[in-house]
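According to TrEMBL:
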type	residues	note
TRANSMEM	A:21-41	transmembrane segment
TRANSMEM	A:47-66	transmembrane segment
TRANSMEM	A:78-99	transmembrane segment
TRANSMEM	A:105-127	transmembrane segment
TRANSMEM	A:134-156	transmembrane segment
TRANSMEM	A:182-201	transmembrane segment
TRANSMEM	A:232-251	transmembrane segment
TRANSMEM	A:271-293	transmembrane segment
TRANSMEM	A:305-326	transmembrane segment
TRANSMEM	A:346-369	transmembrane segment
TRANSMEM	A:389-409	transmembrane segment
Amino acid sequence: MTAIDRALPAMRPVGVRSSPLAAVAPWLLGAAILLALPFVFPSRTGFTIMNAIGINVVFALSYNMLLGQGGMLSFGHAVWFGLGGFAAMHMMVAIDKLALPVPVFLLPLVGFAAGLLAGAVLGWPICRRAGTPFAMITLGIGELIAAAGLMFVTVFGGEEGIKGDRVVGPMLFGLDLGPQGGVYWFIAFWVFAAALAMWAFTRTPLGRLSLAVRDNPDRVPFIGYDPQRVRYLVFMVASGFAGLAGGMAAVNYEILTPQIFGALTSGNVLLMAFIGGLGAFYGPILGAVLIVLMQSMLSDYTEGWQLYVGLLFMGLVMFAPGGLASMVEGGARAVRRGDWRERAPAWASGALAFAVLAAGIVLLVELAFRAHGGGALRLAGLTLRPGDAMGWIIGIALVSLGAGLLRLLTRRGHDGDTARPA
Amino acid sequence: MSDLELRALRKSFGSADIIRGVDLAVPAGERHAVIGPNGAGKSTLFNLISGAFPPTSGEVMLGGERISGRPPYEINRRGLSRSFQVTNIFHNMSVYENLRCAVLWSLGYRYTLWRSAAALKDAAERSREVLHLIGLDHARETPAGLLSYADQRALEIGVTIAGGARVILLDEPTAGMSRAETDRAVDLIRRVTEGRTLLIVEHDMGVVFGLADRISVLVYGEVIATGTPAEIRGDPRVREAYLGEEAA
């Protein structure tokens, strides 16, 4: 878990004396962004992507509550997401069938309750261990629930999953959940509410203690708290918020299959949190935005997008273990100190080296994809065929140049993280 | 009545007997030092008292109540707090946050998640008091891991006493310090343990003889002598077993 240990100290000591305005400003900014987005991207595709981002923002934040806040590396966070989602889905079906006077708008709360309850029951044995055993147990539980998902057809619908209709029950706030644009406001509301609640959690005594448990669990019993109990409670709350994200997904997609429990979902949320950065509250938000964008946009251009997500993950773990957030923090620090002008050349050259390296890798990967099936790669007026040597030579040259530059920069830049690719 | 009492306390790891029947009574308000050569079992004794592990047999009594066999957090809540030989603080948290976490339980905050920690006035006040007491006002927002060694040791003591425990156990609080730093630490220990019961393990004989009301000598898991500094200094068994020419 050394990578995680390296990722965590980036967490800045939480300012106890920040001014009220400084505390409120990011939330006003967030609200403004949520309000403005539909006018910037009013297309159907835009809403589809933004809604997916919103769900994953909540999911990734709940994951970071576990990992960043509690130091618990879970490989099974999809379990709570899925269980919350199915609970909300069944409720949605029930609203339709039994004509219950429950607004669909509130279904994420059903997801929250289901996630919390499932986390309370299954979390009891899981949280009896910490560290690597904890990670292994979550992996096991994840596989177990994924398998159970296919076995219990009445609950999870088998391979076809469970379908629902979100345009049922009473309306809330006069919001029509039929069109994607209507769903956007539903998602935006819950993203804001859940993020605010999770942020508030970090400020509570339990939130502060979970940082202490993450930092040094052996000391905690000697200040009067049971670290196992702290972990368990944090685990429950994180499961609840994962379930809330699942409830959002149920309403947004109107279909859930047991695939949702799979390792892919659990792996994805880990990637989002890690790539965004565990050390800052907003880190996972950046990660969720980036990963969903890569998923939905890159996949139009290349079959290799998952490979690129993997490479990005590796690159960040190796060169910027604090994720995107650590780069933002580093930049902000430099601006505050007023030495960003001196640092800018190092950042620019780092970014350039990184871009050259990335271009080379992409070129090689895309050529390799085309080696079977034989299409040509056309870009910038060049037509490169996997059968010709030209493309491969350019690719290898770019990779060598980029890697060489990076090496040169990191070797020279021992004055902190200035020469890291930013 | 004794604040802290050990009765026929034993601890074995496998076939190795580390603590071999220790009886000790520390009256309320006494500063009591435990000395002994390396490997005598001093740290194990502290671990038994604070609940880090249970004794093989025997009892630990705190204010007349049996605490042996209880987990460390329950023992801590009953008013016994310890420090560690190897600095054991929350390195990624600020000095202030270290102290605030350490005061929470004693002020009645459990695993609370419906209040803001920053809004707890009593916790803030108590944390500030301790911060001032250990002389780290200037380092309030510094991550504990970035403090100098001596300041980390002071914070270690601060975290230990912050909860207001009646009985304080300090495990080699001045280990690795320079003369000047040691003097400051002793002064700090005097101030923070005023009116409390102190059990201290210490290798620096200057510190021990200057600070302790009474001293117990632990050798191979047994207390071979207990008495005032003068009595211990004059005890021939102690000289033979441990002090040697140091105290001469």
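A Cβ is built for glycine as well, from the same backbone N, Cα and C atoms used for every other residue.
Pairs of Cβ atoms less than 8 Å apart link the transmembrane segment (A:47-66) most often to A:271-293, out of A:78-99, A:134-156, A:182-201, A:271-293, A:346-369. Contact between the transmembrane segment (A:182-201) and the transmembrane segment (A:232-251) is supported by 3 or more Cβ pairs under 8 Å, counting only residues 6 or more apart in sequence. Here the transmembrane segment (A:78-99) does not lie next to the transmembrane segment (A:346-369) in space: the count of CB pairs under 8 Å, restricted to residues six or more apart, is fewer than 3. For the transmembrane segment (A:21-41), the residues of the chain that approach it from at least six positions outside its boundaries are 15, 47, 49-50, 181, 184-185, 188, 191-192, 195-196, 282, judged by C-beta separation under 8 angstroms.
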